[in-house]
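To start, the structure itself, in C-alpha cells.
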Amino acid sequence: MSEPPIRPHSPDGSVLQQRPEKKPRLESSLRASPDNKMLNSDNTTQHGSVNNLEADTGLVIQQATAATKVKNTSRKNKSKHKRMVPEPYTTEFVVARDAALLLGKESVDRASADATDWNAPFEPREEVELVVSCLSSTGDSLSLAPSPRKPWVVVTPLALPGERIRVRVYRHARLYSYADLLEVITPNADWRDMTRVQCKYFGKCAGCQYQMLSYDRQLDLKRNVVVKAYENFSGLSPSSIPVVRSTIASPLQYGYRTKITPHFDAPPKKAQKAAVKPTVDSMDRPDWLRIGFNRIGTRQVMDIEECPIATPILNETLGPLRERITANIYTYKKGVSLLLRDSLEPPPSETQGEPPASFANADSLSVALDKHVCITDHKGSVRERVGDKVFKYTAGSFFQNNNSVLVPLTSYVRDAIFQSSTSSISSSLRPTHLVDAYCGSGLFAITLAPHFDKVTGIELSEDSIRCATHSAELNHLPPKKCTFMAGDASNIFATVQGFPRDQTALIIDPPRKGTDEKFIDQLLQFKCATVVYVSCNVHTQARDIGMILRKSEMMEGQRYVLESLVGFDLFPQTAHVESVAVLRLV
C-alpha cells in the first residue's frame, strides 16, 4: 500500500496522514461475533445449514447476476437501487453467509426462484420490534423478521441472543437488512451487564462491541467464530477438523492497545474562506470540530477524549495533542488521521549519538523498559520488547497492537513447531530451519531464532525488511543465523531450496486477504515438515487451509493434516479474533 506523497504536519511537528475527502454516510455493518442461541449441539442452526463453501456458491453468483441486471437499467434506477455484491471474505460477505444460514436453504432457494431475494419487507426507516436469534461472526446480532413478514434477517449492532429489541431499518441487502439499535426492551440478563462497561462512548463509538459481556463470555464467542469459519468456509469434512481449543486470553483486557488512529475533518468550506483565521481556545471549540473515532455504522467522527482500551501513554498524549489541533484547526485544509504509538523511551546511548546497537546493552535496556513515550510521526522509530527480544520499527509500519499477548502467542507457535499431539518428534528430525513468510518486522523470526540453526524471513515491504534486519542486529543474531529478504512471498521457496525439508518449519502470517493458490502450490511442492498459519481473518485462513488439505491429498506418499486450531484474543472488548492453525506432514 503506497503512502500519500505529501503529509501535513501537526502543531507539534509530527507527520500526519492525510484523510480522503469526507464521503456521504456509509451505513455498513460493523464487526460481529459468533454465539448462536439457536445453535444445536452439533453447531448447525435449527433453520438449516450449508456445510461447505461450494454448496453456497449460488448465493454469490445470484448476487453477481442481480448486479449485472442492474447495469441494464436506467441511470436513475441504478443510483436509486444499487445492489452491491460483497467482496469475498469481507465483513459483509460473512454477514451474508450467516444470514443465509439462519434463514435456511429452503427459504433462500424459494426467494431466489421467486426473484424476491432483494425485496425487503420493510418501509424506509421503519421501526420494528425483534427478538435476537443469534450473533454473526462479525459481532452484530441477527434477528428474523416477525410474522407475517416473509423470511428475512435484520442485522443490528450491540444486541444479544434472546433480547427483545426495537430497531430502525436503514439499508437493505440480499435477504437481510441493516438497522440501528434504538432500545433493548428485554435484556438478556445472563449475558448483559452494563456495570462492566468502562467507556462512556460505548454503544456510540464503532470501536468496541463486547464491553457489556464477561471476559469468559467474550472468549467463548471468539472460539465459536473459529468453529463457524471452518464449518462454513473450509469445505472440509468434520472429521478433518480438530476440536477448536479454548481461546487464549489476553493478559490485559483494557489499556492494552499500543496504537490508535483518531482522526478529524477539515473546517467547513465557509470557515476556510474566512479572511481571518482565529486561534481557537480549547474552551470555545467550534461545534463542527470533532477529534476521535467513527460513530457506529457511519463515517461521522465522534469527539472522544480518551480510549480505555489504549495504553496509558497514548491517552496522556491524546489530550494535549487535541488541544494543539484545536488551537490551529484553521490551518488544516483537509481531514487528518493521527497516529499515536506506544514506544519504549530511547536509551541514553541513542540520544547522545552513540551507535544504536548499544540499545541491546542490558543496563541501558533495563532503564529504557521502565519508561514509555508516544510516537506521533509516521516515520518515527518505535521500540518494543517482546520477552527478552527488542524490536525497532517505523511507526507507520505494521506490528501487532497488543504487546501483552505477544509472549503467549510466540511461545504457542514455538511449542506447536517442536511438539506434536499425534506423534513424538525424534531428535534426528527435530526442526532446525525456519521460514517466516509475510514476516513484517520480524516478530516470529526474531523471537524464535534461538531455537533454530537458521531462520529466513521474507516480506514484500523493503522498509519492514530493513527494520527486521536492524532488530536482529540489536538482539545479536548473526546474519548467518537470521536473515531477511525483500520479495514476494509467492516466490519464497526459491530462496530456501537448501533447507532440509523434513527439518524445516514454515510460519505464514499473511494480511486479511490470506494467501493464494500459487503460494499454496509452492508450499506443497516444498513439503516442509510443519506449517503454522497465523491469521487476522479466520475466514480466509479456513479457505486456505481447506485448499492445502485437498491438494495435499493428491500428493504421493505424504499429506498434510490439520493438527490443531486455536484463537488468540488480541483485541479484548471487540469481536475480533486471531487464529492459529497447525499443519503437520504425515
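Glycine is no exception: its Cβ is also placed from the backbone N, Cα and C atoms.
Residues annotated as active site, nucleophile in TrEMBL: CYS536. The Cβ of CYS536 (active site, nucleophile) has 18 other Cβ atoms within 10 Å, all protein chains considered.
The active site annotation in TrEMBL covers CYS536.
The annotation S-adenosyl-L-methionine binding site is assigned in TrEMBL to GLN400, TYR438, GLU459, ASP509.
TrEMBL lists 19-28 with the feature compositional bias 'Basic and acidic residues'.
The annotation compositional bias 'Polar residues' is assigned in TrEMBL to 38-50.
Computed over the domain 'TRAM' (121-183), the whole-number mean pLDDT of the model equals 97. The domain 'TRAM' annotation in TrEMBL covers 121-183.
What TrEMBL lists as region 'Disordered' is 1-50.
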Maximum Cα-Cα separation (Å), residues GLN400, TYR438, GLU459, ASP509 listed as binding S-adenosyl-L-methionine: 16
Pairwise CA distance, GLN400 (S-adenosyl-L-methionine binding site) versus CYS536 (active site, nucleophile), rounded so that it is a whole Å: 10
Additional residues around S-adenosyl-L-methionine, ordered along the sequence, whose Cβ is within 8 Å of the centroid of GLN400, TYR438, GLU459, ASP509: PHE398, ASP436, ALA437, CYS439, GLY440, SER441, LEU443, PHE444, PRO510, VAL534
C-beta crowding around TYR438 (S-adenosyl-L-methionine binding site), within 10 angstroms: 22
Whole-number Å value for how far CYS536 (active site, nucleophile) lies from ASP509 (S-adenosyl-L-methionine binding site) (Cα to Cα): 8
Cα-Cα distance linking CYS536 (active site, nucleophile) and GLU459 (S-adenosyl-L-methionine binding site), given in Å to the nearest integer: 17
